[in-house]
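Working notes for the structure below.
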Amino acid sequence: MSGLSGPLSWPGPLLSALLFLFLLGPSSVLGISFHLPVNSRKCLREEIHKDLLVTGAYEITDQSGGAGGLRTHLKITDSAGHILYAKEDATKGKFAFTTEDYDMFEVCFESKGTGRIPDQLVILDMKHGVEAKNYEEIAKVEKLKPLEVELRRLEDLSESIVNDFAYMKKREEEMRDTNESTNTRVLYFSIFSMFCLIGLATWQVFYLRRFFKAKKLIE
């Protein structure tokens with residue numbers, strides 16, 4: 001039996017696609033950290049599409065040593081004020097939810113305590129869509145090979161990009177319709193204003209004519 005010799009050959013387009021995923025992967029992870037003073041509230045807002053899985057992990061570093069009864073509350077809401085996740089006295093944890101509509105979502109951290117307490121360090125990592133999927137778990141459940149997992153990621157990423165372009169096209173059409181409707185209203189208002197000015201000018205001419213006749217300035 002002859003053994004394999006030389007490096008493993010990869011198809012050019014497939015290798016390019018996998019390289020694209022490798023380069024895109026790290027940049028698609030969104031993480032943020034900030035300092036939260038005592039008795040203050042800070043919120044982060046993000047627009048997210050419909051029917052997307054959103055996952056996140058947070059960690060709050062308490063540098064007060066438990067002084068002042070310091071407590072930090074975490075709450076995630078949509079634009080209508082519906083609570084999607086809430087945690088009292090949050091320190092470290094994870095959350096997940098699925099969006100029902102395209103909306104603006106708000107993640108708020110609120111610190112409460114007494115006395116002079118050092119600022120807390122809040123670390124938040126949020127992912128949604130393709131980034132939020134656990135492909136390792138999918139590979140275990142569906143018994144996929146590493147290459148098949150990367151192809152699944154590529155398929156999901158392509159679908160996400162197509163959906164984003166479709167949404168942008170829809171928004172463009174809506175904005176164009178709004179612009180055309182606004183232009184039509186402006187045109188009608190301009191015509192109405194012109195007739196009003198013509199009517200006012202005509203009325204002034206007749207009024208002045210009667211006035212001058214009454215004063216016998218003209219015949």
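Think of each number as a place in line: the chain as shown, counted from 1.
Cβ coordinates come from backbone N, Cα and C, glycine included.
Since we're looking at a predicted model, the values are computed, not measured.
Among the features that Swiss-Prot reports, domain 'GOLD' is placed at 41-193. If you look up Swiss-Prot, you'll see Asn179 marked as N-linked glycosylation site, on the strength of sequence analysis. Residues or ranges marked as dimethylated arginine by Swiss-Prot on the basis of experimental evidence: Arg171, Arg176. The annotation region 'Required for interaction with STX17' is assigned in Swiss-Prot to 1-142 on the grounds of similarity to another entry. Per Swiss-Prot, the feature region 'Required for TMED10 and TMED2 cis-Golgi network localization' maps to 147-178. According to Swiss-Prot, the feature region 'Interaction with COPG1' maps to 204-219. Positions annotated as region 'Interaction with ARF1 and IL1B' by Swiss-Prot, on the basis of similarity to another entry: 207-219. Marked as motif 'COPI vesicle coat-binding' by Swiss-Prot: 211-219. According to Swiss-Prot, the signal peptide annotation covers 1-31, on the basis of similarity to another entry. According to Swiss-Prot, the feature topological domain 'Lumenal' maps to 32-185, an assignment based on a curator's inference. Marked as topological domain 'Cytoplasmic' by Swiss-Prot: 207-219.
Feature map: Swiss-Prot annotations on the structure.
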| residue | record | Cβ within 10 Å |
| --- | --- | --- |
| Arg171 | dimethylated arginine | 11 |
| Arg176 | dimethylated arginine | 10 |
| Asn179 | N-linked glycosylation site | 10 |
Exercise for the section: Report the DSSP secondary-structure composition of the region 'Interaction with COPG1' (204-219) as helix, strand and coil residue counts. Expected result: 11 helix, 0 strand, 5 coil
Fill in the blank from the handout: Rounded Cα distance, in Å, between Arg171 (dimethylated arginine) and Asn179 (N-linked glycosylation site) is 12
Handout entry: Residue counts (helix, strand, coil, in that order) that DSSP gives for the region 'Required for TMED10 and TMED2 cis-Golgi network localization' (147-178)
Key = 32 helix, 0 strand, 0 coil
